[in-house]
Amino acid sequence: MLKYDVIVIGGGHAGVEAAAASARLGVPTLLITLKPENLGEMSCNPAIGGIAKGTLVKEIDALDGLMGYVIDQAGIHYKMLNETRGPAVWGPRAQADRKLYKKAMYQILTNYPNLDILYGKVEDIEIKSSKIEAVILNNGSKILCQKIILTTGTFLSGLIHIGQKKIPAGRVDEEPSYGLSNTLKQIGFKLARLKTGTPPRIDGRTIDYSKTILQPGDKIPRPFSELTNIVNVSQINCFITKTTSETHDIIRENLDKSAMYSGQIEGIGPRYCPSIEDKIVRFSTKSEHRIFLEPEGLDDYTIYPNGISTSLPEDVQHKLIKTIPGLENVKVLRPGYAIEYDYVDPREISVTLETKKIAGLYFAGQINGTTGYEEAAGQGIIAGINAALAVKDQAPFMLTRANSYIGVMIDDLTTFGTIEPYRMFTSRSEYRLSLRADNSDLRLTELGMNIGVVSEKRKKIFTKKCEDIEKIKSLLNTLSLTTSKLAKMGIQVAQDGTYKTVLDLFKIPNFNVEQAIKIFPMLKETQNNNILQLLYIEAKYASYLTRQHADINLFQSEEAQLIPKNIDYFKIPSISLEIQEKLSSHKPTTIGVARRIPGITPAAITAIIIYLKTKYSDGSST
(Lines of atoms letter the chains of each structure in order from A and count residues from 1; the text may use other names and numbers.)
(Lines give C-alpha, C1' and ligand atoms only; values in the text may rest on other atoms or scores of the structure.)
Protein backbone atom coordinates (compact mmCIF):
# COMPACT_ATOMS: atom_id res chain seq x y z
CA MET A 1 0.00 0.00 0.00
CA LEU A 2 1.29 3.47 -0.91
CA LYS A 3 2.29 5.75 1.94
CA TYR A 4 3.29 9.42 2.06
CA ASP A 5 3.95 11.77 4.94
CA VAL A 6 1.85 14.56 3.43
CA ILE A 7 -0.95 14.33 0.85
CA VAL A 8 -2.34 17.46 -0.79
CA ILE A 9 -5.80 17.16 -2.34
CA GLY A 10 -6.32 19.63 -5.18
CA GLY A 11 -3.86 21.08 -7.70
CA GLY A 12 -5.04 24.69 -7.83
CA HIS A 13 -3.12 27.69 -6.51
CA ALA A 14 -3.34 26.65 -2.85
CA GLY A 15 -2.55 23.02 -3.64
CA VAL A 16 0.57 23.56 -5.73
CA GLU A 17 2.08 25.91 -3.12
CA ALA A 18 1.23 23.52 -0.29
CA ALA A 19 2.74 20.53 -2.08
CA ALA A 20 5.89 22.37 -3.13
CA ALA A 21 6.46 23.83 0.34
CA SER A 22 6.09 20.44 2.01
CA ALA A 23 8.46 18.88 -0.53
CA ARG A 24 11.05 21.67 -0.07
CA LEU A 25 11.22 20.72 3.59
CA GLY A 26 12.32 17.24 2.57
CA VAL A 27 9.06 15.46 3.35
CA PRO A 28 7.73 12.81 0.90
CA THR A 29 4.64 14.51 -0.51
CA LEU A 30 1.85 13.44 -2.86
CA LEU A 31 -0.29 15.91 -4.79
CA ILE A 32 -3.59 14.48 -6.03
CA THR A 33 -5.48 16.35 -8.74
CA LEU A 34 -7.96 15.31 -11.42
CA LYS A 35 -5.76 15.81 -14.48
CA PRO A 36 -2.41 17.35 -15.55
CA GLU A 37 -3.96 20.49 -16.98
CA ASN A 38 -5.47 21.32 -13.56
CA LEU A 39 -2.07 22.22 -12.11
CA GLY A 40 -2.16 25.95 -11.46
CA GLU A 41 -5.35 26.35 -13.49
CA MET A 42 -6.61 29.93 -13.72
CA SER A 43 -10.32 29.22 -13.40
CA CYS A 44 -11.33 32.86 -13.68
CA ASN A 45 -9.29 35.89 -14.75
CA PRO A 46 -5.92 35.32 -16.43
CA ALA A 47 -3.92 37.58 -14.11
CA ILE A 48 -1.77 37.48 -10.99
CA GLY A 49 -1.37 40.25 -8.44
CA GLY A 50 -3.04 43.62 -7.97
CA ILE A 51 -3.49 45.94 -5.01
CA ALA A 52 -2.59 43.95 -1.84
CA LYS A 53 -2.71 40.76 -3.91
CA GLY A 54 0.63 41.63 -5.51
CA THR A 55 2.15 41.90 -2.05
CA LEU A 56 0.82 38.42 -1.24
CA VAL A 57 2.59 37.09 -4.35
CA LYS A 58 5.85 38.75 -3.33
CA GLU A 59 5.53 37.25 0.16
CA ILE A 60 4.95 33.79 -1.30
CA ASP A 61 8.06 34.31 -3.42
CA ALA A 62 10.02 35.41 -0.35
CA LEU A 63 9.31 31.97 1.15
CA ASP A 64 10.51 30.33 -2.08
CA GLY A 65 7.00 29.71 -3.37
CA LEU A 66 6.09 29.19 -7.01
CA MET A 67 3.53 31.81 -8.04
CA GLY A 68 5.86 34.77 -8.53
CA TYR A 69 8.42 32.80 -10.51
CA VAL A 70 5.77 31.14 -12.70
CA ILE A 71 4.00 34.38 -13.61
CA ASP A 72 7.38 35.78 -14.68
CA GLN A 73 7.52 32.93 -17.23
CA ALA A 74 4.02 33.74 -18.47
CA GLY A 75 3.32 37.44 -17.85
CA ILE A 76 2.28 39.31 -21.01
CA HIS A 77 1.17 42.67 -19.56
CA TYR A 78 2.84 44.00 -16.40
CA LYS A 79 1.44 47.05 -14.63
CA MET A 80 2.14 48.63 -11.25
CA LEU A 81 -1.27 49.71 -9.97
CA ASN A 82 -1.63 52.80 -7.75
CA GLU A 83 1.88 53.99 -8.63
CA THR A 84 0.81 57.64 -8.42
CA ARG A 85 -0.04 57.07 -4.75
CA GLY A 86 2.17 56.12 -1.81
CA PRO A 87 4.26 52.90 -1.88
CA ALA A 88 2.14 51.31 0.85
CA VAL A 89 -0.63 50.76 -1.71
CA TRP A 90 1.38 49.97 -4.85
CA GLY A 91 0.04 46.83 -6.48
CA PRO A 92 2.21 44.83 -8.89
CA ARG A 93 0.02 42.95 -11.39
CA ALA A 94 0.62 40.87 -14.50
CA GLN A 95 -1.74 39.60 -17.16
CA ALA A 96 -0.92 35.96 -17.88
CA ASP A 97 -0.82 33.74 -20.91
CA ARG A 98 -2.91 30.86 -19.53
CA LYS A 99 -1.09 28.20 -21.54
CA LEU A 100 2.38 29.47 -20.63
CA TYR A 101 1.42 29.68 -16.95
CA LYS A 102 0.15 26.10 -16.81
CA LYS A 103 3.11 24.87 -18.86
CA ALA A 104 5.63 26.49 -16.52
CA MET A 105 3.82 25.20 -13.43
CA TYR A 106 3.63 21.68 -14.84
CA GLN A 107 7.33 21.62 -15.74
CA ILE A 108 8.34 22.77 -12.26
CA LEU A 109 6.08 20.41 -10.30
CA THR A 110 6.77 17.29 -12.33
CA ASN A 111 10.48 17.72 -11.63
CA TYR A 112 10.21 18.75 -7.98
CA PRO A 113 12.29 16.73 -5.49
CA ASN A 114 10.27 14.80 -2.86
CA LEU A 115 7.02 15.40 -4.77
CA ASP A 116 4.89 12.86 -6.63
CA ILE A 117 1.71 13.69 -8.54
CA LEU A 118 -1.27 11.36 -8.87
CA TYR A 119 -4.10 12.10 -11.30
CA GLY A 120 -7.32 10.89 -9.74
CA LYS A 121 -10.25 11.78 -7.50
CA VAL A 122 -10.32 11.56 -3.71
CA GLU A 123 -13.67 10.32 -2.49
CA ASP A 124 -13.04 10.21 1.25
CA ILE A 125 -10.49 10.56 4.03
CA GLU A 126 -9.95 7.98 6.75
CA ILE A 127 -9.68 9.12 10.35
CA LYS A 128 -8.98 7.12 13.50
CA SER A 129 -9.08 8.55 17.03
CA SER A 130 -9.38 12.09 15.63
CA LYS A 131 -6.18 11.64 13.61
CA ILE A 132 -5.53 11.36 9.89
CA GLU A 133 -4.91 7.85 8.57
CA ALA A 134 -5.38 7.78 4.78
CA VAL A 135 -7.13 9.08 1.69
CA ILE A 136 -9.54 6.89 -0.25
CA LEU A 137 -9.79 7.31 -4.03
CA ASN A 138 -12.97 6.86 -6.05
CA ASN A 139 -11.65 3.51 -7.32
CA GLY A 140 -11.57 2.26 -3.72
CA SER A 141 -7.79 2.28 -3.32
CA LYS A 142 -6.27 3.69 -0.15
CA ILE A 143 -3.09 5.73 0.37
CA LEU A 144 -1.76 6.04 3.91
CA CYS A 145 -0.47 9.36 5.24
CA GLN A 146 0.24 11.39 8.35
CA LYS A 147 -1.09 14.73 7.15
CA ILE A 148 -3.72 15.84 4.62
CA ILE A 149 -4.07 19.32 3.16
CA LEU A 150 -7.48 19.97 1.60
CA THR A 151 -7.37 22.60 -1.16
CA THR A 152 -10.68 21.88 -2.85
CA GLY A 153 -11.42 25.28 -4.41
CA THR A 154 -15.00 25.43 -5.69
CA PHE A 155 -15.36 21.64 -5.96
CA LEU A 156 -17.10 20.91 -2.63
CA SER A 157 -20.69 20.27 -3.80
CA GLY A 158 -20.04 22.75 -6.61
CA LEU A 159 -23.06 23.92 -8.61
CA ILE A 160 -22.87 26.13 -11.73
CA HIS A 161 -25.76 28.51 -12.50
CA ILE A 162 -26.51 30.01 -15.93
CA GLY A 163 -29.92 31.65 -15.69
CA GLN A 164 -32.30 28.98 -14.41
CA LYS A 165 -30.01 26.19 -15.59
CA LYS A 166 -28.10 24.30 -12.86
CA ILE A 167 -25.06 22.15 -13.62
CA PRO A 168 -23.35 20.13 -10.87
CA ALA A 169 -19.65 20.95 -11.38
CA GLY A 170 -16.53 22.14 -9.60
CA ARG A 171 -15.54 23.96 -12.75
CA VAL A 172 -16.82 23.83 -16.34
CA ASP A 173 -16.89 20.20 -17.52
CA GLU A 174 -15.44 18.89 -14.21
CA GLU A 175 -17.37 16.88 -11.62
CA PRO A 176 -17.87 18.30 -8.12
CA SER A 177 -16.90 16.48 -4.93
CA TYR A 178 -19.83 15.35 -2.82
CA GLY A 179 -17.94 12.68 -0.88
CA LEU A 180 -15.56 15.10 0.82
CA SER A 181 -18.40 17.50 1.64
CA ASN A 182 -20.32 14.70 3.32
CA THR A 183 -17.24 13.55 5.23
CA LEU A 184 -16.59 17.04 6.58
CA LYS A 185 -20.23 17.32 7.70
CA GLN A 186 -20.05 13.93 9.41
CA ILE A 187 -16.91 14.98 11.27
CA GLY A 188 -18.85 17.97 12.57
CA PHE A 189 -17.37 20.85 10.62
CA LYS A 190 -19.67 23.82 10.11
CA LEU A 191 -20.23 24.13 6.35
CA ALA A 192 -21.96 26.97 4.53
CA ARG A 193 -22.32 28.11 0.92
CA LEU A 194 -20.48 30.84 -0.97
CA LYS A 195 -20.74 32.00 -4.55
CA THR A 196 -18.38 33.39 -7.12
CA GLY A 197 -18.74 34.06 -10.82
CA THR A 198 -16.99 34.58 -14.10
CA PRO A 199 -17.80 36.61 -17.25
CA PRO A 200 -18.45 35.22 -20.73
CA ARG A 201 -15.38 34.74 -22.93
CA ILE A 202 -15.37 36.53 -26.28
CA ASP A 203 -13.50 36.31 -29.58
CA GLY A 204 -10.91 39.09 -29.84
CA ARG A 205 -10.95 38.88 -33.64
CA THR A 206 -14.52 40.19 -33.64
CA ILE A 207 -13.86 43.26 -31.45
CA ASP A 208 -13.77 46.76 -32.94
CA TYR A 209 -10.82 48.12 -30.97
CA SER A 210 -11.24 51.59 -32.49
CA LYS A 211 -14.15 52.08 -30.08
CA THR A 212 -12.08 51.11 -27.03
CA ILE A 213 -9.34 52.81 -25.01
CA LEU A 214 -5.79 51.47 -25.22
CA GLN A 215 -4.31 50.37 -21.89
CA PRO A 216 -0.56 49.80 -22.29
CA GLY A 217 1.49 48.00 -19.68
CA ASP A 218 4.65 49.28 -17.99
CA LYS A 219 7.49 50.07 -20.40
CA ILE A 220 9.86 47.86 -18.43
CA PRO A 221 8.14 44.90 -16.71
CA ARG A 222 9.12 44.55 -13.06
CA PRO A 223 9.39 40.86 -12.18
CA PHE A 224 7.53 39.36 -9.23
CA SER A 225 10.26 36.91 -8.26
CA GLU A 226 13.68 37.65 -6.81
CA LEU A 227 14.83 34.70 -8.96
CA THR A 228 13.89 36.55 -12.17
CA ASN A 229 16.42 39.03 -13.55
CA ILE A 230 14.37 40.10 -16.55
CA VAL A 231 10.98 39.21 -18.07
CA ASN A 232 11.60 37.67 -21.50
CA VAL A 233 7.95 37.10 -22.47
CA SER A 234 6.51 39.31 -25.24
CA GLN A 235 4.29 42.10 -23.91
CA ILE A 236 0.89 43.10 -25.31
CA ASN A 237 -1.76 45.75 -24.66
CA CYS A 238 -5.11 45.53 -22.93
CA PHE A 239 -8.13 47.69 -23.74
CA ILE A 240 -10.96 49.39 -21.86
CA THR A 241 -14.61 49.79 -22.80
CA LYS A 242 -17.77 50.39 -20.75
CA THR A 243 -21.40 49.47 -20.29
CA THR A 244 -24.14 51.76 -21.61
CA SER A 245 -27.65 52.75 -20.55
CA GLU A 246 -28.92 50.15 -23.02
CA THR A 247 -26.81 47.49 -21.28
CA HIS A 248 -28.33 48.48 -17.95
CA ASP A 249 -31.87 48.39 -19.32
CA ILE A 250 -31.43 44.84 -20.63
CA ILE A 251 -30.07 43.69 -17.27
CA ARG A 252 -32.90 45.33 -15.29
CA GLU A 253 -35.52 43.80 -17.60
CA ASN A 254 -34.07 40.34 -17.02
CA LEU A 255 -33.14 40.40 -13.33
CA ASP A 256 -35.82 37.80 -12.60
CA LYS A 257 -33.91 35.39 -14.87
CA SER A 258 -30.60 35.90 -13.08
CA ALA A 259 -29.69 33.01 -10.81
CA MET A 260 -28.61 35.57 -8.20
CA TYR A 261 -31.80 37.62 -8.19
CA SER A 262 -34.33 34.83 -8.69
CA GLY A 263 -33.41 33.34 -5.31
CA GLN A 264 -31.90 30.27 -6.94
CA ILE A 265 -28.45 30.85 -5.37
CA GLU A 266 -28.12 30.49 -1.60
CA GLY A 267 -24.43 31.39 -1.34
CA ILE A 268 -23.12 34.90 -0.71
CA GLY A 269 -20.95 36.40 -3.45
CA PRO A 270 -17.81 38.53 -3.17
CA ARG A 271 -18.67 42.06 -2.02
CA TYR A 272 -15.77 43.69 -3.86
CA CYS A 273 -16.03 41.75 -7.10
CA PRO A 274 -19.77 41.94 -7.82
CA SER A 275 -21.57 40.55 -10.83
CA ILE A 276 -22.79 43.01 -13.45
CA GLU A 277 -26.33 42.43 -12.13
CA ASP A 278 -25.16 43.47 -8.66
CA LYS A 279 -23.48 46.58 -10.01
CA ILE A 280 -26.63 47.73 -11.81
CA VAL A 281 -28.80 47.18 -8.71
CA ARG A 282 -26.41 48.42 -6.02
CA PHE A 283 -25.05 51.38 -7.99
CA SER A 284 -28.21 52.33 -9.84
CA THR A 285 -27.19 55.98 -10.28
CA LYS A 286 -24.04 55.12 -12.23
CA SER A 287 -24.49 55.55 -15.97
CA GLU A 288 -21.62 53.24 -16.92
CA HIS A 289 -19.22 50.62 -15.58
CA ARG A 290 -15.72 50.02 -16.94
CA ILE A 291 -14.83 46.75 -18.63
CA PHE A 292 -11.22 45.66 -19.12
CA LEU A 293 -10.62 43.57 -22.23
CA GLU A 294 -7.83 41.20 -21.22
CA PRO A 295 -6.21 38.78 -23.71
CA GLU A 296 -5.85 35.22 -22.43
CA GLY A 297 -2.63 34.51 -24.33
CA LEU A 298 -0.15 35.51 -27.01
CA ASP A 299 -1.49 32.98 -29.51
CA ASP A 300 -5.03 32.85 -28.13
CA TYR A 301 -7.78 35.09 -29.50
CA THR A 302 -9.93 34.56 -26.37
CA ILE A 303 -10.63 37.78 -24.46
CA TYR A 304 -11.62 37.96 -20.80
CA PRO A 305 -14.00 40.95 -20.34
CA ASN A 306 -13.17 41.81 -16.75
CA GLY A 307 -16.13 43.54 -15.12
CA ILE A 308 -19.18 41.69 -16.45
CA SER A 309 -19.32 38.53 -14.36
CA THR A 310 -22.88 37.25 -14.71
CA SER A 311 -25.33 34.42 -14.10
CA LEU A 312 -27.93 35.65 -16.61
CA PRO A 313 -29.22 33.22 -19.28
CA GLU A 314 -27.04 32.80 -22.37
CA ASP A 315 -29.39 34.64 -24.71
CA VAL A 316 -29.49 37.65 -22.37
CA GLN A 317 -25.71 37.62 -22.11
CA HIS A 318 -25.47 37.79 -25.90
CA LYS A 319 -27.87 40.75 -25.98
CA LEU A 320 -26.18 42.81 -23.30
CA ILE A 321 -22.66 42.26 -24.67
CA LYS A 322 -23.66 43.68 -28.05
CA THR A 323 -24.66 46.99 -26.41
CA ILE A 324 -21.06 47.59 -25.28
CA PRO A 325 -18.87 49.86 -27.47
CA GLY A 326 -16.56 47.77 -29.64
CA LEU A 327 -18.46 44.55 -28.92
CA GLU A 328 -21.47 45.16 -31.19
CA ASN A 329 -20.50 42.27 -33.49
CA VAL A 330 -18.56 40.19 -31.04
CA LYS A 331 -18.71 36.40 -30.97
CA VAL A 332 -19.32 34.84 -27.54
CA LEU A 333 -17.13 31.75 -27.07
CA ARG A 334 -18.41 30.66 -23.66
CA PRO A 335 -21.15 32.02 -21.40
CA GLY A 336 -20.46 33.52 -18.02
CA TYR A 337 -21.76 31.71 -14.97
CA ALA A 338 -22.02 31.76 -11.19
CA ILE A 339 -20.76 28.85 -9.11
CA GLU A 340 -21.88 27.90 -5.63
CA TYR A 341 -19.79 25.73 -3.33
CA ASP A 342 -19.28 24.62 0.27
CA TYR A 343 -16.75 26.16 2.60
CA VAL A 344 -15.86 25.63 6.25
CA ASP A 345 -16.04 28.33 8.91
CA PRO A 346 -12.33 29.30 9.13
CA ARG A 347 -12.61 29.67 12.89
CA GLU A 348 -12.42 25.87 12.85
CA ILE A 349 -8.71 26.12 11.97
CA SER A 350 -5.73 27.43 13.91
CA VAL A 351 -3.19 29.95 12.59
CA THR A 352 -1.11 27.00 11.31
CA LEU A 353 -4.18 26.12 9.16
CA GLU A 354 -4.53 22.78 10.94
CA THR A 355 -8.11 22.02 11.90
CA LYS A 356 -8.96 22.07 15.59
CA LYS A 357 -11.12 18.95 15.36
CA ILE A 358 -8.78 16.58 13.49
CA ALA A 359 -5.03 16.40 14.10
CA GLY A 360 -3.10 16.36 10.84
CA LEU A 361 -5.90 17.81 8.68
CA TYR A 362 -5.21 21.22 7.13
CA PHE A 363 -7.39 23.51 5.00
CA ALA A 364 -6.16 26.10 2.49
CA GLY A 365 -7.82 28.31 -0.10
CA GLN A 366 -11.51 28.70 -0.89
CA ILE A 367 -12.46 26.00 1.59
CA ASN A 368 -11.59 28.63 4.23
CA GLY A 369 -13.90 31.23 2.67
CA THR A 370 -11.39 33.25 0.65
CA THR A 371 -11.54 34.32 -2.98
CA GLY A 372 -8.60 34.90 -5.30
CA TYR A 373 -5.59 32.97 -6.57
CA GLU A 374 -3.17 34.93 -4.39
CA GLU A 375 -5.13 34.48 -1.16
CA ALA A 376 -5.32 30.74 -1.87
CA ALA A 377 -1.62 30.45 -2.64
CA GLY A 378 -0.69 32.36 0.52
CA GLN A 379 -2.65 29.89 2.63
CA GLY A 380 -1.30 26.95 0.68
CA ILE A 381 2.33 27.72 1.39
CA ILE A 382 1.65 28.11 5.13
CA ALA A 383 -0.35 24.86 5.29
CA GLY A 384 2.36 22.99 3.39
CA ILE A 385 5.11 24.32 5.63
CA ASN A 386 3.26 23.47 8.83
CA ALA A 387 2.19 20.00 7.73
CA ALA A 388 5.81 19.17 6.89
CA LEU A 389 7.17 20.69 10.11
CA ALA A 390 4.64 18.65 12.10
CA VAL A 391 5.84 15.47 10.37
CA LYS A 392 9.38 16.40 11.44
CA ASP A 393 8.24 17.19 15.01
CA GLN A 394 9.40 20.77 14.62
CA ALA A 395 7.77 23.94 15.94
CA PRO A 396 5.03 25.41 13.73
CA PHE A 397 5.63 28.37 11.43
CA MET A 398 3.28 31.27 12.09
CA LEU A 399 3.21 34.62 10.34
CA THR A 400 1.58 37.58 12.09
CA ARG A 401 -0.17 40.84 11.30
CA ALA A 402 3.10 42.59 12.11
CA ASN A 403 5.24 40.90 9.45
CA SER A 404 3.04 40.01 6.48
CA TYR A 405 -0.21 40.31 4.59
CA ILE A 406 -0.41 36.52 4.75
CA GLY A 407 -0.40 36.88 8.54
CA VAL A 408 -3.13 39.53 8.39
CA MET A 409 -5.30 37.28 6.23
CA ILE A 410 -4.90 34.20 8.41
CA ASP A 411 -5.50 36.20 11.59
CA ASP A 412 -8.66 37.75 10.12
CA LEU A 413 -9.99 34.36 9.06
CA THR A 414 -9.19 32.45 12.24
CA THR A 415 -10.29 35.25 14.58
CA PHE A 416 -13.42 36.61 12.91
CA GLY A 417 -14.40 33.98 10.35
CA THR A 418 -16.21 35.17 7.24
CA ILE A 419 -19.71 34.99 5.79
CA GLU A 420 -18.70 36.26 2.35
CA PRO A 421 -15.71 35.52 0.11
CA TYR A 422 -12.70 37.12 1.83
CA ARG A 423 -10.41 39.24 -0.33
CA MET A 424 -7.17 40.91 0.72
CA PHE A 425 -6.96 44.72 0.78
CA THR A 426 -4.24 47.09 1.94
CA SER A 427 -6.81 48.61 4.31
CA ARG A 428 -6.98 45.34 6.26
CA SER A 429 -3.42 45.89 7.49
CA GLU A 430 -2.61 48.30 10.30
CA TYR A 431 1.06 48.27 9.30
CA ARG A 432 0.82 48.55 5.52
CA LEU A 433 3.62 51.12 5.22
CA SER A 434 5.97 48.51 6.69
CA LEU A 435 4.41 45.60 4.77
CA ARG A 436 5.13 46.69 1.21
CA ALA A 437 5.60 44.59 -1.90
CA ASP A 438 9.17 45.86 -2.35
CA ASN A 439 10.43 44.65 1.04
CA SER A 440 8.70 41.26 1.20
CA ASP A 441 11.95 39.30 0.98
CA LEU A 442 13.59 41.45 3.66
CA ARG A 443 10.67 40.66 5.96
CA LEU A 444 10.25 36.95 5.30
CA THR A 445 13.10 35.20 3.48
CA GLU A 446 15.29 34.89 6.57
CA LEU A 447 12.35 33.38 8.46
CA GLY A 448 12.03 30.84 5.66
CA MET A 449 15.76 30.14 5.74
CA ASN A 450 15.58 29.44 9.47
CA ILE A 451 13.11 26.59 8.98
CA GLY A 452 14.72 25.20 5.82
CA VAL A 453 12.00 25.99 3.27
CA VAL A 454 14.22 28.28 1.16
CA SER A 455 16.49 26.86 -1.56
CA GLU A 456 20.26 27.43 -1.68
CA LYS A 457 19.85 29.47 -4.86
CA ARG A 458 17.48 31.89 -3.18
CA LYS A 459 19.67 32.06 -0.07
CA LYS A 460 22.61 33.22 -2.18
CA ILE A 461 20.51 35.82 -4.00
CA PHE A 462 19.09 37.10 -0.72
CA THR A 463 22.45 37.25 1.04
CA LYS A 464 23.95 39.14 -1.90
CA LYS A 465 21.03 41.58 -1.90
CA CYS A 466 21.44 42.29 1.82
CA GLU A 467 25.15 42.96 1.29
CA ASP A 468 24.37 45.28 -1.63
CA ILE A 469 21.82 47.18 0.44
CA GLU A 470 24.44 47.91 3.10
CA LYS A 471 27.00 48.98 0.48
CA ILE A 472 24.58 51.29 -1.31
CA LYS A 473 23.25 52.67 1.97
CA SER A 474 26.82 53.50 2.96
CA LEU A 475 27.33 55.21 -0.40
CA LEU A 476 24.15 57.27 0.05
CA ASN A 477 25.40 58.36 3.46
CA THR A 478 28.76 59.35 1.95
CA LEU A 479 27.69 61.32 -1.13
CA SER A 480 26.80 64.84 -0.07
CA LEU A 481 26.62 68.50 -1.09
CA THR A 482 26.43 71.75 0.83
CA THR A 483 23.07 73.45 1.17
CA SER A 484 24.35 76.40 -0.87
CA LYS A 485 25.30 74.16 -3.81
CA LEU A 486 21.92 72.43 -3.60
CA ALA A 487 20.19 75.83 -3.67
CA LYS A 488 22.04 76.73 -6.85
CA MET A 489 20.65 73.53 -8.39
CA GLY A 490 17.14 74.68 -7.53
CA ILE A 491 16.69 72.29 -4.59
CA GLN A 492 15.04 74.06 -1.68
CA VAL A 493 16.70 73.23 1.64
CA ALA A 494 17.35 75.23 4.79
CA GLN A 495 20.53 77.28 4.26
CA ASP A 496 22.31 76.20 7.43
CA GLY A 497 25.71 75.64 5.83
CA THR A 498 25.65 71.88 6.45
CA TYR A 499 26.24 69.01 4.07
CA LYS A 500 23.22 67.00 2.97
CA THR A 501 23.66 63.33 2.10
CA VAL A 502 21.53 61.57 -0.51
CA LEU A 503 19.51 59.97 2.29
CA ASP A 504 18.86 63.47 3.67
CA LEU A 505 17.74 64.64 0.24
CA PHE A 506 15.34 61.70 -0.09
CA LYS A 507 13.38 63.16 2.84
CA ILE A 508 12.72 66.42 0.98
CA PRO A 509 9.18 66.62 -0.48
CA ASN A 510 9.07 66.03 -4.26
CA PHE A 511 12.74 65.00 -4.38
CA ASN A 512 13.06 61.63 -6.11
CA VAL A 513 15.52 58.98 -7.27
CA GLU A 514 15.83 60.45 -10.78
CA GLN A 515 16.98 63.80 -9.35
CA ALA A 516 19.53 62.05 -7.15
CA ILE A 517 20.98 60.26 -10.18
CA LYS A 518 21.29 63.55 -12.08
CA ILE A 519 23.25 65.07 -9.21
CA PHE A 520 25.31 61.94 -8.52
CA PRO A 521 25.63 59.98 -11.82
CA MET A 522 27.47 57.11 -10.10
CA LEU A 523 24.12 56.10 -8.55
CA LYS A 524 22.91 54.92 -11.96
CA GLU A 525 24.85 51.69 -11.46
CA THR A 526 22.66 50.82 -8.46
CA GLN A 527 19.31 51.35 -10.19
CA ASN A 528 18.89 47.95 -11.88
CA ASN A 529 18.27 45.92 -8.72
CA ASN A 530 15.64 48.24 -7.19
CA ILE A 531 17.73 48.75 -4.06
CA LEU A 532 17.95 52.50 -4.61
CA GLN A 533 14.16 52.70 -4.81
CA LEU A 534 13.85 50.65 -1.62
CA LEU A 535 16.23 52.93 0.29
CA TYR A 536 14.45 55.99 -1.10
CA ILE A 537 11.13 54.74 0.30
CA GLU A 538 12.68 53.88 3.67
CA ALA A 539 14.25 57.35 3.92
CA LYS A 540 11.19 59.23 2.63
CA TYR A 541 8.90 57.64 5.20
CA ALA A 542 11.44 57.20 8.00
CA SER A 543 9.48 59.12 10.65
CA TYR A 544 6.26 57.24 9.87
CA LEU A 545 8.07 53.91 9.85
CA THR A 546 9.66 54.65 13.23
CA ARG A 547 6.22 55.24 14.74
CA GLN A 548 4.85 52.15 13.05
CA HIS A 549 7.70 50.02 14.37
CA ALA A 550 6.80 51.19 17.89
CA ASP A 551 3.20 50.08 17.25
CA ILE A 552 4.49 46.75 15.95
CA ASN A 553 6.57 46.24 19.11
CA LEU A 554 3.45 46.84 21.23
CA PHE A 555 1.48 44.43 19.05
CA GLN A 556 4.17 41.76 19.40
CA SER A 557 4.23 42.09 23.17
CA GLU A 558 0.46 41.59 23.27
CA GLU A 559 0.69 38.63 20.90
CA ALA A 560 3.28 37.10 23.22
CA GLN A 561 0.92 37.40 26.20
CA LEU A 562 -0.89 34.07 26.11
CA ILE A 563 -4.35 33.48 27.52
CA PRO A 564 -4.74 30.09 29.27
CA LYS A 565 -7.09 27.67 27.55
CA ASN A 566 -8.96 27.02 30.80
CA ILE A 567 -9.63 30.67 31.66
CA ASP A 568 -13.15 31.37 32.94
CA TYR A 569 -14.14 34.83 31.73
CA PHE A 570 -17.23 34.74 33.92
CA LYS A 571 -14.93 35.00 36.95
CA ILE A 572 -13.62 38.39 35.84
CA PRO A 573 -16.11 40.65 37.63
CA SER A 574 -15.20 43.97 36.02
CA ILE A 575 -16.31 43.06 32.47
CA SER A 576 -19.88 42.90 31.22
CA LEU A 577 -21.81 39.70 30.64
CA GLU A 578 -21.95 40.47 26.91
CA ILE A 579 -18.15 40.67 26.69
CA GLN A 580 -17.75 37.58 28.89
CA GLU A 581 -19.99 35.62 26.51
CA LYS A 582 -18.17 36.95 23.44
CA LEU A 583 -14.74 36.00 24.82
CA SER A 584 -15.99 32.56 25.86
CA SER A 585 -17.31 31.99 22.35
CA HIS A 586 -14.20 33.22 20.48
CA LYS A 587 -11.65 31.65 22.87
CA PRO A 588 -8.78 34.06 21.99
CA THR A 589 -5.32 32.59 22.44
CA THR A 590 -3.51 35.87 23.17
CA ILE A 591 -4.26 39.37 24.43
CA GLY A 592 -3.65 40.61 20.89
CA VAL A 593 -6.33 38.33 19.45
CA ALA A 594 -8.76 39.31 22.22
CA ARG A 595 -8.25 43.00 21.44
CA ARG A 596 -9.20 42.43 17.79
CA ILE A 597 -12.56 40.82 18.55
CA PRO A 598 -15.32 43.31 17.65
CA GLY A 599 -16.93 44.83 20.73
CA ILE A 600 -14.10 44.07 23.15
CA THR A 601 -13.32 47.35 24.91
CA PRO A 602 -9.89 48.62 26.05
CA ALA A 603 -11.21 48.48 29.63
CA ALA A 604 -12.04 44.79 29.19
CA ILE A 605 -8.52 44.10 27.88
CA THR A 606 -7.03 45.85 30.92
CA ALA A 607 -9.26 43.78 33.21
CA ILE A 608 -8.13 40.54 31.55
CA ILE A 609 -4.44 41.50 31.86
CA ILE A 610 -4.87 42.32 35.57
CA TYR A 611 -6.79 39.07 36.12
CA LEU A 612 -4.07 37.03 34.40
CA LYS A 613 -1.37 38.66 36.55
CA THR A 614 -3.21 37.87 39.77
CA LYS A 615 -4.67 34.47 38.88
CA TYR A 616 -1.79 33.01 36.85
CA SER A 617 1.21 34.90 38.22
CA ASP A 618 2.82 31.61 39.24
CA GLY A 619 2.77 30.45 35.60
CA SER A 620 0.21 27.72 36.24
CA SER A 621 -2.35 26.42 33.77
CA THR A 622 -1.39 27.56 30.28
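Placed from the backbone N, Cα and C atoms, the Cβ positions cover glycine too.
There are 34 other Cβ atoms within 10 Å of the Cβ belonging to A14 (FAD binding site). A helical conformation is recorded for A14 (FAD binding site) in the three-state DSSP classification. According to Swiss-Prot, the feature FAD binding site maps to G10, G11, G12, H13, A14, G15, V122, S177, Q366.
Counting Cβ atoms from all protein chains shown, E277 (NAD(+) binding site) has 25 others lying within 10 Å of its own Cβ. A helical conformation is recorded for E277 (NAD(+) binding site) in the three-state DSSP classification. Positions annotated as NAD(+) binding site by Swiss-Prot, on the basis of sequence analysis: 269-283.
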Cα proximity to F283 (NAD(+) binding site), best match among binding-site residues G12, V122, Q366: Q366
Diameter of the FAD binding set by C-alpha atoms, the set being G10, G11, G12, H13, A14, G15, V122, S177, Q366, in angstrom: 18
Euclidean distance between Cα atoms of K279 (NAD(+) binding site) and A14 (FAD binding site), Å: 29
Which same-chain residues, if any, lie at least 6 apart from C273 (NAD(+) binding site) yet have Cβ under 8 Å of it: T196, S309, T371, P421, R423
Rounded Cα-Cα span from G12 (FAD binding site) to V281 (NAD(+) binding site), Å: 33
Among R271, K279, the one of these binding-site residues whose Cβ has the fewest neighbouring Cβ atoms within 10 Å: R271
Candidates G10, G12, Q366 (binding-site residues) - the one closest to S275 (NAD(+) binding site) by CA: Q366
